[in-house]
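Each remark here refers to the structure printed beneath this line.
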């Protein structure tokens, strides 16, 4: 044995000689979308290689994940899902029972004996949770390529003066290895390493800090250093993607004598900045964003949309990876990406697909700076890319709870409020309580979207000590991060109904529908019809005509602006009326039930936004008129059937049915804005309400009507449109 061989290396060799099992090192590599998945690579005999997918099984995946320090495996993938590896294919025909401590203990053809190609490289997805107290055995795989950092956990340990700040942005960096928290020596620490740590904790970047107080603290504290340095390039999404640096000789308190423990200091995004920076936020005008997220249930997740030539569009998922996703997350004021999602996992967008085959270095300030294939065509919205970002630990979920529900996703809403100098739990007044308020509650608790908002909760036995109303007059726009950011009465409670059985409640769900109107169909089907009053009796009864019709003679005519509505469900769950069959309202004249009294609003506006005529449509029949290929219709109104719109299907209200119009009998010729709003009262929760509005330019000359330039919600940059026509 060499005199210079480390003690740890000596014991590794000893273990190998006595057990008869070769000592190997594993890592996850390749085109990863999450840091706990990738191509399985093995370090053996001084060389990295791959594993063939022949005979590989879930049991083998479990052995791999546990050897890497994860609690278990979620799945495995054949056929080089994470890209083709290089070098030797070390293992083939691997057979594991699942109880082995190392992949090297599983039966196989033997190291280097394989008839496979790299197109058969196997990959795994592990659970995110690490094995508590796991001690990573490290071999001499730490050469130029190196092995990735493997630790049980990472934390930023704030100093006493910083611990009450939310979020914690600064402190000593500690890693947990072998069940113990350890500091890292800062001698070889770089800004790129700090950038990665900040990204993990939900912050877009690192910043300089005053080292003096930390040096003083470090001299007073007992130190327990980790035995390695870290090498990050700066564009990794997680510390576990960084390479392990050289081994550090541990000498107790004498370790790292020329340095001190690593300190991390991060810049929070605008939405998470401490309150002291409010003045700063007011002083600077927010620039028009070029990238946004839509359709996500949680803070920091959603479908990626980019602004190009004044129009919002999506990004195709070809080559979409964690590096590109991290550029998006940092640009929007979050940290690095937890996950790069493909296949329209956050619902399908609308408008053009602006970017395809995106390639980012990881240091771009915006996704729009990344390379993409301008000539690539053929991407559909079924391939829309999405992200899940790391966000700071704000403790939002500690100030709110659901009580008395049958499961963790429902219950009476109880909030933590200050009363007489102490913090107490109490209820929320249900007056004016609706879907938007429920959406904020579900988001704050990390439970997804709201499925229902309840104004009576007598059937949920909450905590009797929290019956008193501590919050009233709540009005939310839906963009707030917490319920206390919504408009409310403050300390002056006004709730005539009181709490108890009338306390506000919610039920939450992980997925939601997303209704989008086809603007193209509206443009193609709009026309005028003069119809006699005697043929409009049922429509008059349902208030589908303007007020002047009340005094009109039965032989007179009404001028109707007609059009078809084709409403698509682009979300992730079916759109269902809030009311059950038993609550539907029967309309004798038309002889049908209304499952939603107001399903759409139709308005004709002047160019300055003043309403000049209006219409509305009740949902007398929500059903699947047509569906995308391969999707089965589920809802049909015939014979009092179930109503709704399936994901990937659409419901068409034809131009020739009653109330599918605006009565413009009293409207003068001129230029107008035609506006349609779906689900206007937010009766049913959706993943994105911004695309529920369609606006068109409209010209009426007294005889004919032209509808043109239709667009959905914010899909066009309002500044571009208003600069030419003051349309919005």
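Keep in mind that glycine also has a Cβ here, set from the backbone N, Cα and C atoms.
Per TrEMBL, the feature disulfide bond maps to 52-116, 65-126, 96-106, 232-242, 360-370, 476-486. The feature domain 'SRCR' is assigned by TrEMBL to 26-127, 156-267, 291-390, 400-509.
Feature annotations (TrEMBL) mapped to structure.
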residue : record         : contacts (Cβ under 8 Å, 6+ apart)
52      : disulfide bond : 89, 91, 92, 93, 94, 114, 116, 120, 121, 122
65      : disulfide bond : 71, 72, 73, 124, 126, 127
96      : disulfide bond : 57, 59, 60, 62, 63, 103, 106, 107
232     : disulfide bond : 190, 192, 193, 195, 196, 239, 241, 242, 243
360     : disulfide bond : 323, 324, 326, 327, 367, 370, 371
476     : disulfide bond : 436, 437, 439, 440, 483, 486, 487
Segment proximity, the domain 'SRCR' (291-390) to the domain 'SRCR' (26-127), 3 or more C-beta pairs under 8 Å: yes
106, 116, 126, 242, 486 as disulfide-bonded residues, winner by CB count within 10 A: 126
PLDDT averaged over every residue in the domain 'SRCR' (156-267): 88
